[in-house]
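**Student:** Grabbed the feature section from Swiss-Prot, which reads as follows:
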DOMAIN    37-214  domain 'EngB-type G'
BINDING   45-52, 72-76, 92-95, 159-162, 193-195  GTP binding site
BINDING   Ser52, Thr74  Mg(2+) binding site
Amino acid sequence: MTDAINPTLIERGRKVFAGDWHFIWASPSIETLPPMAGIEVAFAGRSNVGKSSLINALTGRNALARTSNTPGRTQELIFFDGPTDAGLRLVDMPGYGYAAASKAKVASWTSLIHKFLQGRATLARVYVLIDGRHGLKDVDLDILKTLDKSAVSYQIVFTKADQVKAAELEQRIAATKTVLAKHPAAFPELLMTSSRTGAGMPELRAAMIRLLDERGA
């Protein structure tokens, strides 16, 4: 992305995410969602792709989002609010693609995610996290189709990019861009991140600031 690396956006993003971020709500069902407020951005991805770690790295708080070595632990929509004047809310979505999950649990997660995507007017973008070591999987493609149908803008974010050789990463980026060309709701540019090193976090923060500007927040 080009605009998102504007130094002004980078600095504004740094200030917003250096503020007070805190957990506000956990929703196991669509009926228990918090009232809509501000601009929401959600993070989706396969189980253990690193969603919670990325949210912690973004906000500089190691324990804001609970991390787990147990795939599929996050079964709720988890909401985090930042500084009041920022008007930005983060949503940690349930991980998908956990093979050991029961059919009933998968159906419940799927229903929750679909209803959330289709009925949340304040949801401005979904960041779909992809493990940079593995690239897109079939279950990721299913989520992209769901997002297309919901007409929700989304962007691919590679996690754990520091654990992939540069040549392999470039191949996965090229392959992913080819796939995204067929998805109308997809933002064309990818973001490379590492929660361990902090790489890509300034750019991701800046992207969200630009989104706030576009929405007039």
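Glycine is treated like the rest: Cβ placed from N, Cα and C.
Keep in mind that what you see is a predicted model, and the values were worked out from it rather than measured.
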**Student:** When you measure from the Cβ of Gly45 (GTP binding site), which residues in the chain that are at least 6 apart have a Cβ under 8 Å away?
**Tutor:** Lys51, Met93, Gly95, Tyr96, Val128, Leu129, Ile130, Asp131, Thr159
**Student:** Pick the one among the binding-site residues Lys51, Lys160 whose Cβ has the fewest other Cβ atoms within 10 Å in this structure.
**Tutor:** Lys160
**Student:** Pop the Cα-Cα gap between Ser52 (Mg(2+) binding site) and Thr193 (GTP binding site) into the table, whole Å please.
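**Tutor:** Rounded to a whole number, the Cα-Cα distance is 13 Å.
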**Student:** Among all protein chains shown, how many Cβ atoms are found within 10 Å of the Cβ of Glu76 (GTP binding site), not counting that one?
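**Tutor:** So the Cβ neighbour count for Glu76 (GTP binding site) comes to 16.
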**Student:** Counting other Cβ atoms within 10 Å of each Cβ, which of the binding-site residues Ser52, Thr193 scores lowest?
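**Tutor:** Fewest other Cβ atoms within 10 Å, among the binding-site residues Ser52, Thr193, is found for Ser52.
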**Student:** Quick check for the class: what is the C-alpha distance, in angstrom and rounded, between Glu76 (GTP binding site) and Ser52 (Mg(2+) binding site)?
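**Tutor:** Given the Cα positions, Glu76 (GTP binding site) is 13 Å from Ser52 (Mg(2+) binding site).
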